[in-house]
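Undergrad: When I checked TrEMBL for this same protein, it listed these features:
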- 99-117: transmembrane segment (TRANSMEM)
- 129-151: transmembrane segment (TRANSMEM)
- 158-178: transmembrane segment (TRANSMEM)
- 190-210: transmembrane segment (TRANSMEM)
- 217-235: transmembrane segment (TRANSMEM)
- 306-327: transmembrane segment (TRANSMEM)
- 361-380: transmembrane segment (TRANSMEM)
- 392-409: transmembrane segment (TRANSMEM)
- 416-435: transmembrane segment (TRANSMEM)
- 455-475: transmembrane segment (TRANSMEM)
- 482-501: transmembrane segment (TRANSMEM)
- 513-534: transmembrane segment (TRANSMEM)
Amino acid sequence: MIAIAEGVYILQGREDDPLRPAIEAMDSFSSMLMSMRNSASVAMTDSLKAVNGALGGFQSKLAASIESAQTSSKESQSDLFERYREWAPYGRESPRGSWALFALLLTILLLFLWWLPVADQEGARFIKVLQVSNVLVTLSIFALLAFSLNLHTGITGMVNFGVIFFAGVGAITVGILTAPKDLHGYDWPVLWATVMAVLLAAGFGWLLAYPTARLRMDYFAIVTISLGEIVRVLLMGEPLLRAGSWGSSIGISRYALPLQSWWFCGSEPPLNDSGGAMSADECSDVVGIGSMGERMGELLNLGEPAPYLMVLALIGIVSLLLVWWMLETVLKSPWGRILKAIREDEEVAQHHGHDVLTHKAASLALGAAIAGLAGALWAWKLTGFQPGFMSPAKTTFLVWAAFVVGGAANNRGMVIGAFIIVLMEFVFNVLVASQGSSDLPLNDTAAKIDALFEWLVTQPWDVAVLFAAVALLGIASGWRGLAEVGISGVAAMSFAGVMMGERSISETFIGDAILADMAYVKVFLIGCLILFSLKYNPKGLLPEVPSRPPRPAGGDFE
């Protein structure tokens, strides 16, 4: 079309371009668009300048506010830190700092105890009360055993691996003396049997000091751990240490429990059909008897009488507080300072005129008496026991874990350490039950532990690679502890990958399921807790608080 138009223009003798009007129209339209774009660009630039100015002012104000807040925060933190240092100059090794940390840790552990789940079923409230009471009784037992160990090892410096020996003496004495006469017992009242158990344990502790007086620390430890095993074997094979059954059954059972009859039957037990006084078990089934257990059950809305473990929990906590107060009083006395002097250097203490052997014997006797009381509580909690209750893995190992984690030479640390170990024990009891039923609490947690265990067993090289990454991260960051953990993990998992094959897995785990044994997982975790505490926190959570007696009035020289 353009060519035809140009041909017509040539025939007509016209020299203008036929496209010029279109081009001029396009140029005019383009000029108009350019003008509009320039105007819009100028307007946008002006707007952005205004916005940027406002944002710049806001940014500068925000930066100034952040800087002011950071400065104020640093000043407040510094001021708070300075106030804390003035209030507790040596942190957790000062009296106030130690008490503050103790209160914080105790609050956390009590909240954890309240959180500890139970199965959602009929009577869950009763089960929760039973669980809390059981934890408190067990805490009292292990805290008393930790007090005994702390007095022997933390204060006096005698490494004692036989604290269960004294606890066993207390438990056996209470069980045999209070068992019925027709069941090879002596039918003693519970109070006098407990006093005899404490005195007998103290006597064994006093006598232990003399034949072991010249033994070094490690040999003394060997002697004490062997004593616990001797008592366990005697309980297994000695007929005179059996009571509570008609035949020759191993163990002690059917002994009297403190305040059990009063808890379920009241001060005057009602008569049964045969004319005799009802037993505690019979009274617990009677409605409207008006006993303390029944009233407490109504108060807590349990739907039945409150469990007897509530009484034992009260007895245990009161005993714990009394022993704690007694130890604090004794250790602040001159005798307590003598024991610490013996711990630091026996020869220096002896050169200052102190009879080291007598003081050691007294320390052993007092600690043994405390352990004997713990053994009596343990016997009442079990209501019957076999030699297995003295197994070192269930007793000595756990008491030493509480001692190491809590902090040597600090009774507050013994309470916290014992609380941690006892809660771990009960958490793993819940996990063991949860492995068999999806309706029980912590079933998901147990499944995750089983999955992790299966991965560790079946894929050791993958785990070794993970530990290698941890080791490299520790080396790169200069964190020696992290590097050591990674290198140790690589070594352990590499050994497992080389030495343990499919046969070891198939012959160990019956069937296709590879499940973790929670009892061994618990012991493993407690062992790791001890190792990490010794490695990175050797003084424990609550270290010893140095103290000195106040200077007597008029003693300064002017």
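Using the three backbone atoms N, Cα and C, a Cβ is placed for every residue, glycine included.
Distances, neighbours, how buried they are, the whole picture for these features please.
TA: Under 8 Å from some Cβ of the transmembrane segment (129-151) lie the Cβ atoms of residues 113-114, 116, 118, 160, 163-164, 166-167, 300, 302, 306-307, 309-310, 312-313, 315-317, 319-320, 323-324, 327, 339, 363, 366-368, 370-371, 373-374, 377-378, 381, 395, 398-400, 402-403, 406, 408-411, 414-415, 417-419, 421-423, 425-426, all in the same chain and six or more residues away from its ends.
Here the transmembrane segment (306-327) has long-range neighbours at 126, 129-130, 132-134, 136-137, 139-141, 143-144, 147, 151, 257-260, 263-264, 280, 293-294, 296-297, 300, 370, 373, 377, 380-381, 411, 415, meaning same-chain residues at least 6 beyond its ends whose C-beta is under 8 angstroms from one of its own.
With a cut-off of 8 Å between Cβ atoms, the residues of this chain six or more beyond the transmembrane segment (392-409) that come close are 142-143, 145-146, 149-150, 153-155, 161-164, 167, 225, 228-229, 340, 415-418, 420-421, 425, 523, 526, 529-530, 533-534, 539-544.
Within the chain, the transmembrane segment (416-435) has long-range Cβ neighbours (under 8 A, six or more residues past its boundaries) at 102, 105-106, 109, 112-113, 116-117, 131, 134-135, 138-139, 142-143, 145-146, 398-399, 401-407, 441-443, 445-446, 449-450, 515, 518-519, 521-522, 525-526, 540-542.
Long-range Cβ contacts of the transmembrane segment (455-475) within its own chain (Cβ-Cβ under 8 Å, at least 6 residues beyond either end) map to 481-490, 493-494, 496-497, 500, 505, 514.
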Undergrad: Pairs of Cβ atoms less than 8 Å apart decide it: which stretch in 99-117, 158-178, 190-210, 361-380, 482-501 has the most with the transmembrane segment (217-235)?
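TA: The stretch with the most contacts is 158-178.
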Undergrad: Between the transmembrane segment (158-178) and the transmembrane segment (99-117), are there three or more C-beta pairs closer than 8 Å, counting only pairs 6 or more apart along the chain?
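TA: Contact criterion not met.
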Undergrad: Who are the chain neighbours of the transmembrane segment (361-380) in space, where the CB to CB distance is under 8 Å and they lie at least 6 residues beyond its ends?
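TA: For the transmembrane segment (361-380), the sequence-distant neighbours (Cβ-Cβ under 8 Å, at least 6 residues beyond its ends) are 137, 140-142, 144-145, 147-149, 151-152, 155-156, 158, 160, 163-164, 166-175, 194, 197-206, 208-210, 252, 255, 257-258, 312, 315-316, 319, 323, 330, 335, 339, 389.
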Undergrad: Who are the long-range neighbours of the transmembrane segment (482-501) in its own chain, taking Cβ under 8 Å and residues 6 or more past its ends?
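TA: Counting only partners 6 or more residues beyond its ends, the transmembrane segment (482-501) has Cβ contacts under 8 Å with 456, 460-461, 463-464, 466-475.
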Undergrad: Cβ under 8 Å, sequence separation of at least 6 from the ends of the transmembrane segment (513-534): give me the contacting residues as numbers and ranges.
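TA: Sequence-remote neighbours of the transmembrane segment (513-534) are 393, 397-398, 400-401, 404-405, 421, 424-425, 428, 431-432, 435, 446, 449-450, 452-454, 457-458, 505, 540.
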